[in-house]
Amino acid sequence: MGVGLPFTPSRAILSLLITFLVFYCLWSSPSYGRRNIPYVPSSYDWSQHVHKQPVSPSGRVGLPRGIPLELPRIQHDFSAGDLRKRDLDTAKQRQDEIKRAFRKTWTAYEKYAWGRDELAPLTLDGRDTFSGWAATIVDNLDTLWIMGMKREFYKAVGYVAQMDWDQPTSDGFNVFETTIRHLGGLLSAYELSGESVLLRKAVELGDLLYATFDNSEHMPPHTIKFRHLKKGEGHPEPRQSTASLGSMSLEFTRLAQRTGDARYYDAIDRITQAFKRTQNETSLPGLWPLRIDAWNGFKVNDDTFGFGANGDSLYEYLIKEYVLLQGLEPKYKDMYLDAADAGMKHLIFRPMLPDKDDILMLGEASLFREKVRLKTDVEHLTCFAGGMYALGGKVLGRDDHVVVGEKLARGCARAYAAYPSGLMPEIVNLQACPSWEPCEFAPRSKKEPLGFQARDRAYLLRPEAIESIFVLYRVTGNQEFRDIAWTMWTAIRNAAETSEAFAAVEDVTREDVKLKDYMESFWLAETLKYFYLIFSDEDVISLDEWVFNTEAHPLMRTAVGNSRRSR
C-alpha cells in the first residue's frame with residue numbers, strides 16, 4: 001500500500017479549483033446538456049397532414065447543386081491592424097453594459113411573463129400577440145447562447161422542447177412573423193448549440209408552415225386561421241404584403257439543407273420564380289409594389305414602392321439567399337442587383353440640411369400620371385438598408401453600393417442625433433435635395449430640429465439602425481461606428497429603461513419622455529443582439545460564416561461553421 005501525500009488546506013483549495021474548472025468547461029461546452037432534454041411532439045402531426053392540392057414530387061425543384069463559389073470576403077481584415085488595448089477595454093466595458101440590459105429584461109420576462117409572447121414592461125404582465133407560442137423565448141434562444149447565458153438557454157430549450165403548435169391562444173397565426181421569429185429562431189439556436197431537439201421542433205413548425213402553401217397558387221397567405229389550414233381552405237391574398245411573400249427563403253432553404261427535404265426549398269423557389277417573372281413588369285422596373293395580388297396570378301399592378309413596411313425584407317433576402325446558397329443560384333444575385341440599382345434611382349435621396357451632411361435617406365415612390373413622385377417620409381424600418389447595400393456591395397464587388405450603404409447608415413444615425421431624446425422617430429420627414437449633390441437649406445419650420453419633421457413621434461425599441469451600424473463596422477473596420485453605436489445606446493438607455501425592463505417611447509421630440517407599455521420580442525432578439533455584437537470580437541458570428549435573417553437570427557453559410565459562436 002502506497003503512502004499518500006499529506007492533506008493540506010492548499011491541496012484542498014487546489015482540488016476545489018480543479019473541480020470547478022472541469023464543471024465550468026463542461027458547462028461552457030456546446031455539447032454540454034445534449035440528449036438530456038425531453039422532447040414532446042405536438043399533438044397534431046403536420047408531416048402526416050394530407051394536402052388537398054399537393055405538388056407532385058416529380059415537379060419539385062431541389063436545392064442547387066455544384067461546387068460552391070468562393071464569394072468575396074465581407075468583413076474587414078481586422079488582423080491587419082491590431083486595436084489598441086484601450087479600445088479593447090472600452091469595447092468590453094460597453095459589451096458588459098449591453099449584457100446587463102439584456103439580463104435585466106430577461107429576468108423581468110422570466111418573472112412576470114414566462115411562456116407568454118411578450119412582457120408588458122410597465123404593467124409587468126404577459127401578452128400573447130403571436131398565437132401564444134412564447135415568441136420572446138423562441139426569438140431569443142440564439143441571443144442567450146451568444147451572450148453565454150447557458151443556464152437561461154437550457155431552461156428556455158426545456159420549455160420549447162414541450163411546446164405544442166396545435167395549442168395556440170388565438171384562432172390563427174401570422175405566417176410571415178412565425179417564419180422569421182419562430183422558425184428562424186429555432187434553426188439558429190440549433191446551429192449554434194447543436195441541440196437536436198431544436199431541429200425537431202423546427203421541422204414540426206416547418207411542416208405546419210408548409211401546409212400554408214396548400215392552394216391552387218401554392219403561395220402562403222399573410223395570416224390564416226387554423227380551421228381553414230386543416231381543411232385546406234387557405235389561400236394567398238389579393239393585396240398581400242410583398243415582404244411577407246418574399247421573406248421565407250432563408251428559413252425554408254436552411255431547413256431543406258438541414259433535413260434534405262426538397263419540399264421546403266421547392267416552396268420558396270416557386271415564389272422566387274414569380275418575383276423574377278414580374279420584376280420588369282412593374283411600374284418601376286426592378287422594384288415590386290408594396291402590395292401584390294398573389295391570389296389571381298401574382299399581379300403587380302399597384303404603384304407604391306419602397307424599402308419600408310410591406311417591402312423591406314424581400315430585398316435583403318435576395319442577396320442573403322444568394323450568399324446562403326453559396327452563389328449556386330445566380331437568379332438571386334441578378335434580381336438583387338436590379339432591385340438595388342432601381343432603389344438608388346427612385347427611392348434614395350440626399351436630405352436638405354443646414355450643415356449639408358453627406359448622408360442619404362430612403363423614401364417611398366409612387367406613380368402619378370406616369371410620373372414618379374418621391375415621398376420623403378423616412379421610416380425607421382428602412383434603416384436596415386444601409387447594411388444591406390454594404391453587404392451586397394462586398395459580395396458582388398460593387399464599391400459604389402458600399403458607399404451608399406455607409407451614407408444610409410449615417411443618415412439614420414443623424415436622425416437619432418437630431419432630437420432631444422437622442423432617438424429617431426418611427427417616421428420622419430425631410431426635404432430632398434434635387435440630386436445627391438449638396439444643396440442650400442430652405443427651412444420649413446423652426447418647431448423641430450432644422451430639416452426634420454416627425455410624422456410618427458414614437459420610438460418602439462427598433463433594431464434597424466443599429467443593425468446597419470453593426471454591419472458597417474464589420475465591413476469597414478471603422479471604429480467610429482462603435483462610437484456611434486454607443487451614443488445611440490446611451491440615448492436609448494436614458495430614455496427607455498425602467499426599474500424592471502425597457503419600454504417604448506411615445507414622443508422622441510421631448511427630452512422628458514413618456515413611455516409606452518410596449519416591448520416586442522425584437523428588443524431582445526435584434527436590438528440588443530446587434531448592440532452586443534458590435535462590441536464583440538469580430539470573429540464572433542462573422543459575416544463570412546453566418547447570414548442573418550430579418551429577425552437577426554444567424555444561419556450558417558456552410559454545413560459546418562468555423563467561426564466563434566459566442567463570447
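Glycine too: its Cβ is placed from the backbone N, Cα and C atoms.
Summarising the annotation, TrEMBL assigns active site, proton donor to GLU177 (among others). Sequence-distant contacts of GLU177 (active site, proton donor), defined as residues of its own chain at least six apart whose C-beta falls under 8 angstroms from its C-beta, comprise PHE130. Reduced to three states, the DSSP call for GLU177 (active site, proton donor) is helix.
For ASP312 (active site), applying a Cβ distance below 8 Å and a minimum sequence separation of six or more within one chain yields ALA243, LEU381, THR382, PHE384, ALA385, THR550. DSSP classifies ASP312 (active site) as helix under the three-state reduction. Per TrEMBL, active site is recorded for ASP312 (among others).
If you look up TrEMBL, you'll see CYS383-CYS412 marked as disulfide bond. Remark: CYS412 (disulfide bond) has MET361, HIS380, CYS383, GLY386, MET424, GLU464, ALA465, SER468 as non-local neighbours, by Cβ distance under 8 Å and separation of at least 6 in sequence.
Positions annotated as active site, proton donor by TrEMBL: GLU426 (among others). For GLU426 (active site, proton donor), the number of other Cβ atoms no farther than 10 Å from its own Cβ, over all displayed protein chains, is 18.
Residues annotated as active site in TrEMBL: GLU464 (among others). Under the three-state DSSP scheme, GLU464 (active site) falls in the helix class. Counted within 10 Å of its Cβ, the other Cβ atoms near GLU464 (active site) come to 25, all protein chains included.
Within 10 Å of the C-beta atom of THR550 (Ca(2+) binding site) sit 26 other C-beta atoms, taking all shown protein chains into account. Here TrEMBL flags THR550 as Ca(2+) binding site.
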Count of other CB atoms lying within 10 Å of the CB belonging to CYS383 (disulfide bond): 30
Helix, strand or coil at CYS383 (disulfide bond) [DSSP, three-state]: helix
